[in-house]
Amino acid sequence: MEAIARAHTNIALIKYWGKRNTQLFLPTNSSLSITLDHFYTETKVQFSDQFEKDSLILDGSQVSDQEIGKITAFLDHVRNIAGTKVFAKVTSVNHVPTAAGFASSASGYAALAAAASKALQLDLTGTELSALARQGSGSASRSIFGGFVEWQKGEKTDGTDSFATQILDEKAWDISVLSVVVEAGPKSVSSRDGMQRTVETSPFYAGWLATVAEDLQQMKEAINARDFTKLGEIAEANAMKMHATTLGAKPPFLYWQSATLDVMQQVMELRQQGLEAYFTIDAGPNVKVLCKPEQEHIIKEKLAAVASVRDVVVCHPGPGIQYLSEWVG
Ligand code: ADP
Ligand code: DP6
Ligand code: CO
């Protein structure tokens, strides 16, 4: 009745941005990401009929009732599959800033899905685990797998065909992802609220939907051909389009801060100087810079030299879900 799992975060090259069903976490578009080696979550789940409710200790602190509500809603899915009503004690440590645009919801819910389903002895396939994790946070569906991962939006209304699959192993192609920290504190608009407001109110959302499938197709071709230039150009353009949709929302919002722009401009300048780097940005102010491993050191230095940059964390493609026998936290 107890299990521990580790899941890594991921950075989307083609963004998941919008749900067609908010209850089931069914996306409007398919997406593609790289699982990252450096950032991860470890979660322990214990089920016991001694517990009177679910609890979560995240990074050593009891979370709010609202957070417990999200955990209970998610664990209900796992309990339904297992045919049990027993409550859980969840302990989790994020080796990544929480709610800052570093995809803590992806590693957090992937680790929770894996640990909870193992604790209840559910023998889920990777596909089933991905569809389960999706119902905690959409991006978590992709963190079940390592390397380059595609989340197919699926066509069905019940969501059974909406899950992720690995398209390329983490050892098959090394790319450097430099995570540029400009602000590690929580964002003011969550991914969930931001994408929903955009879907419901932004006239620019139609433009996003009109081109994202073609971006994904081109990205898959770039990955198959190991064409870094094409990968970087498409990823950067796709991120720009996603963020543009938020400017048309009612009320409008923007995940960028002035330091975000400083980094974006530095990346464009590096390209002028002949260094090949591209940026992408999830729902938050921090920037991820894609480059070739052989240029990682020099590009890291140039990014760290920007006055508003606090830290640059070097990441590479990382592994999928791991089960641990001992709690380190
Ligand atoms: P991020 O960019 O970090 O993914 P989101 O707004 O998508 O930001 O999600 C942040 C939310 O994810 C948190 O407020 C919390 O509800 C959830 N979360 C983060 N880490 C964990 C964890 N380890 N276990 C459970 N839930 C988590
Ligand atoms: C911009 O998966 O965090 O990072 O499904 O509502 O939990 P919920 O949202 P989340 O959204 C991630 C949005 C994104 C793009 C991406 O990761 O694909
Ligand atoms: Co998230």
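A Cβ is built for glycine as well, from the same backbone N, Cα and C atoms used for every other residue.
TrEMBL: automatically predicted annotations, no manual curation.
Straight from TrEMBL, the features:
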- 7-164: domain 'Diphosphomevalonate decarboxylase-like N-terminal' (DOMAIN)
- 178-304: domain 'Mvd1 C-terminal' (DOMAIN)
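Secondary structure by DSSP for the domain 'Mvd1 C-terminal' (178-304): 78 helix, 13 strand, 36 coil. In the predicted model, residues of the domain 'Mvd1 C-terminal' (178-304) average a pLDDT of 97.
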